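Listed in Swiss-Prot:
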DISULFID  290-305  disulfide bond
DISULFID  308-319  disulfide bond
DISULFID  325-336  disulfide bond
DISULFID  348-372  disulfide bond
DISULFID  429-445  disulfide bond
DISULFID  447-458  disulfide bond
DISULFID  474-479  disulfide bond
DISULFID  484-504  disulfide bond
DISULFID  543-563  disulfide bond
DISULFID  579-599  disulfide bond
DISULFID  602-622  disulfide bond
DISULFID  716-937  disulfide bond
DOMAIN    25-192  domain 'Laminin G-like'
DOMAIN    321-358  domain 'EGF-like 2'
DOMAIN    374-415  domain 'EGF-like 3'
REPEAT    460-492  repeat 'TSP type-3 1'
REPEAT    552-587  repeat 'TSP type-3 4'
REPEAT    611-648  repeat 'TSP type-3 6'
REPEAT    649-688  repeat 'TSP type-3 7'
REPEAT    689-724  repeat 'TSP type-3 8'
């Protein structure tokens, strides 16, 4: 009785305490972010927190379950306009880490990492993220998993400080249920203490000094609850004793009934002597004497019950079920179900075979353990599902796919193919082909210079345009017979389909009129009608009634610019279009000079005349010519002002060039330093998935820059902006723009930008592509298709402006330039490599300096000259190979005549231009063909440069 009173008194005290706690008003706000209505108001919630100086603490609470090794974003806040991040929390299961990214006050993203988190394991976890210091004090982020602190990062930049959010400018994205991934709770708590917020997840934590009192109350409450549990346990024992006593009374009453003494039997006031000394009869067996199924035996001392049935334990009167599952009769990992009586084991787990078992009793459970035998999935006739010719490795209850079998190369994604090698005896290439081994283990065969085909079969290629003189027995395009054996035409154009290429067909259109007299060389027109009296007949004139000898057609709609009222095809008439030759529907013009931003050479400075005297695509009004790193981009527009990066590649478009950006793709994994290196530095993949463990992430396997062109044929595998060689878009640069007999070059581009023809005996000029390069390999076939002239032709690289570029030029014979002003210039026969750095720019000084073989002060330096002094031959094809590595100044040029190497500059080092654009060059020479042009990004330093340096240091 005293104990019961104590229990009641304790319960009263506990209720009073809880009442007092409940009466306290919380000083925080809780928002359920999984509620649709709350999601719609998330912008106002955030703005309230950011603008309220007293709101210094923010908590995010989440309960979730993630499948093993998964990488998911649990929750994030994003801009509705451009989908940029404001706040994002991502779990990277494969790396056992999590990342928190948020917008700093300077508008840039800051990344925080929490390591050693094993929370992507198929189990439910509770997360509490505490951000402190929104407005004052030190800013830190602390993470709790399942009520336990798992990481803290201190001295952080303030998140979202000073940022104004408009209504509807932010939207919330949360983890969506997919497979085993699910989220049951996501709450935002503004304000409050750690212990108060932790209690929402039933976590009892103390914060620090300010929350010490609350922590003490929580500990007192826990102690009182523990004491109450002990008293309830004692009460349970008392009740069990009362049950036993009740059972004893029941048996006593049963004995009284067996003596025939009912409840109404009158008891005498005085017990007779005979009756008082009579021993009452012992209880006899009846239907309720023993537990069901237990045998009851009458004895002199009363009834006696036999043993409890199998699967039960007790005295025969009371029998309770035995829990056989305590003996672990089931196979490891199989669920045991206790029944009354007996037990049952469920089916064997996946990857095992065996039967289910069920039985009754301790002995059965001890003697009959469930047996599950491992299934060898690798012997199912399908190699376990692994790719053919790869290793299938059986494991207990499962299997895994390994690498390729010996003699095969590849992986589980691309398959395992028979190993190819360039080693002797395994080289599959033609005897006149070069063999190279790729990263994926495959082999590439390329026909050598002067040969053409698919690499496995090669035939003689006299004009070195990539097509053999005779057809080869292979289906590839480059196995077909060259339709112009002695004139390079890498596009194999044949207008009249007579199997004679246009380049060598005297009547290319087959209209019976020779090309020299035909006013439509590539369009049959026997009548030669020419309404506007320009040099093009009506059949091929894109402006039949308007004289336009240039036939320029910006939008390629078949209507020449001269008669097209919308030259760029953007739907805006020329008279109203602020960029007449560049499509710009928006017509943006931020400097208001009447020239649209997209075609404005100074988009931030008024310059309506668009003057660009040095032809560097930067208007004179904003051209500073201050270039600290020498890569051709002035410091004010260079995305890496002090690091050489002529290509200006900026993969993540953050305004920082890849060359000086430590995280090119902005996925939170640094390119080189820990926790990197990033196995896909140009494609976001925070999880770093790499199923075949080859060091290249799955997302960029075989296409490193994700430009949809596989690396094997991609001319720039690490630059998504350059995929194929293409000079269809080019800039013309006239190097002697003034004079009485001015003749500018006439450029024709063929074969989808891989062939250029110049037809005029012209003043010096360039055709320059718009693509800029860092390191580059540049090759092509050079051919002068005439016998009537003997002047200069060549190519350029490292072009930065009309005063700064490298040129490789070839003169046929010795000759003094016909104009001796401003100085006498003498050209010698042979190949010359020059660095042009002209103070005067295009004009007579640069013209004569280019003609002259040698150095010219303030104009040109001669870096190398072919000592043979041999000029080019009429109607003979030559193949050149150029290597330029501007980061170290490495230059090397080689020339082939047929299959023979005829000139080699060797290693030449010059750092005048640190990268730039590519193009071709002519000076007073007509009918030049640059065919089968190819460029490829390449920053790898050649081996001969190391030997060159060693030789230089030793001398």
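Using N, Cα and C of the backbone, Cβ positions are placed for all residues, glycine too.
Considering other CB atoms within 10 Å as the measure, the emptiest surroundings among the disulfide-bonded residues 563, 937 are those of 563. Of the ranges 460-492, 552-587, 611-648, the one with the most Cβ pairs under 8 Å to the repeat 'TSP type-3 8' (689-724) is 611-648. The helix, strand and coil residue counts that DSSP assigns across the repeat 'TSP type-3 1' (460-492) are 3 helix, 1 strand, 29 coil. Within the set of disulfide-bonded residues (319, 336, 429, 484, 504), the lowest number of other Cβ atoms found within 10 Å of a Cβ is recorded at 504. Residue counts for the repeat 'TSP type-3 8' (689-724) under DSSP (helix as H, G, I; strand as E, B; rest coil) come to 3 helix, 0 strand, 33 coil. When pLDDT is averaged over the domain 'EGF-like 2' (321-358), the result is 92. Checked against residue 325 (disulfide bond), the disulfide-bonded residues 458, 484, 599, 622, 716 differ in C-alpha distance, with 716 being the nearest.
The disulfide-bonded residues listed here (290, 447, 458, 484) include 290 as those with a Cα within 10 A of the Cα of residue 319 (disulfide bond). Spatial neighbours are here defined as Cα atoms within 10 angstroms of one another, and by that definition the neighbours of residue 447 (disulfide bond) among the disulfide-bonded residues 429, 622, 937 are 429. On its own chain, residue 305 (disulfide bond) has 289, 290, 291, 294, 295, 296, 297, 315, 316, 317 as residues at least 6 apart in sequence with a Cβ closer than 8 Å to its own Cβ. When Cβ atoms from all protein chains are considered, those within 10 Å of residue 599 (disulfide bond) total 17, not counting its own. Contacts of residue 445 (disulfide bond) defined by a Cβ separation under 8 A and a same-chain sequence distance of 6+ are given as 428, 429, 430, 433, 434, 435, 454, 455, 456, in order along the sequence.
Across the structure, residue 579 (disulfide bond) and residue 563 (disulfide bond) place their CA atoms 17 angstrom apart.
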